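Structure first, then comments.
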Amino acid sequence: MIPTADPILSFNPEALPPSALHMLSLSPKAMEKMSGISNPLVSPNAIPPRTSSTGIPTSLNATPTKPVLRPVPEGDWLSQKQLSPRAQMSNAGYGVMQAPNPPPDPERYAHEDLEFTAKRSWTDEKENVVRGPYDYVISHPGKDFRAQLIGAFNVWLDVPTSSLEVITRVVGMLHESSLLIDDVQDSSELRRGFPVAHNIFGVAQTINSGNYIYFVALQELHKLNNPELITIFSDELVNLHRGQGMDLFWCDTLTCPTEEDYLEMVGNKTGGLFRLGIKLMAAEANGPSPTDCVPLVNLIGLIFQIRDDYMNLSSKEYSHNKGMCEDLTEGKFSFPVIHSIRTNPTNLQLINILKQKTSDTQIKRYAVAYMESTGSFEYTRKVLSVLIERARKMAEELDQGRGSTKGIQKILDKMAIQ
């Protein structure tokens, strides 16, 4: 007898129709087979008696019974189900995705085209990947000082417009890509008020992007079909890396250079890119003997870097764009730092602050105050004033009374410290 779930309901077999009595007389296996044919969605097991929320049968008089559920092989149950069109479509797609691919045939390498030239396989998407860090840094432009310098010197050199555009573009590319490398080597955090590229793209990708643009710039120069330009390019890139190498060496070994060593380093590193642009212009200039502007541009390179060193330690604008006194955090022997250390070599406070490469603002303020006490900022201002006046006179001599020094004088005015 089937146990009842409710004591109020009584079971009377005589009240059931013959078909129902026949169903009750069937074995469980026969019942399963019949129910599977008539109803494909039927449960694989019989429904258990109704229970309370505690799991106890609702009938107080019900006697314990054996579990109604019985194990059913999964294959038997699933074979009874017929999937809906939507389910069939979903599973069909999944099956295609999961189907194993045939193993590749190694013999294909005997005849496949393996010439992956740039024209054949290099896409804009790939180019964007490699240029990513460079494109990021140029999206936050600086003051474009080098383009202004090229324009000022072109009054004397008179370079054809087409050549001048290429030279301006090349100098800009070299400058921006060198910043990518500088920021990695100096462990900088900010560039022009934004996070440095290597903190976004990673060190390796940033270095690769910077080096890549060096050679893209070289390809640009080839468009002018002037072998002299390639020689100038390679010479000044060598100088740039020589200067950078010495600057890094002094920081890494805590070696304070002399002012003469410092000026030589700046002439190679900072002056190198300035000189590169002017030399390229002279090689493309109209006329047989262009004005020799190299001595003046060398002097402007020194002025630019010494001023940059001064502003790094004293300017609020520099603090916003690069961080407060970033040169101290980098452990850099800048022009005011060199003067301060050599003014009193027995005082080791400043050189030990450089050794710490600290980001502590209180310590950096103390270092600045110490340099003030040694007269290093006043000395730097006086040196800048002397160099700027010397550059003005040199520009007038180059001009020879033609009245074409306005652009140079304007640049020198901007570099003067009031």
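Any Cβ shown, glycine's included, is placed from N, Cα and C.
Just so it is clear, the model here is predicted, and its values are computed rather than measured.
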- prompt: Can you pick which of HIS175, HIS222 Swiss-Prot lists for the same isopentenyl diphosphate site as LYS143, ARG146, ARG192?
  reply: HIS175
ARG191, LYS269, THR270, GLN305, LYS332 bind dimethylallyl diphosphate per Swiss-Prot; candidate in LYS279, LYS322 listed for that same site: LYS322
Message: I need the CA-to-CA distance for TYR214 (site 'Important for determining product chain length') versus ARG192 (isopentenyl diphosphate binding site), whole Å please.
response: 21
Rounded to the nearest Å - Cα separation of ARG146 (isopentenyl diphosphate binding site) and LYS322 (dimethylallyl diphosphate binding site): 20
Query: Just the number: how many Å between the Cα atoms of ASP186 (Mg(2+) 1 binding site) and LYS332 (dimethylallyl diphosphate binding site)?
result: 9
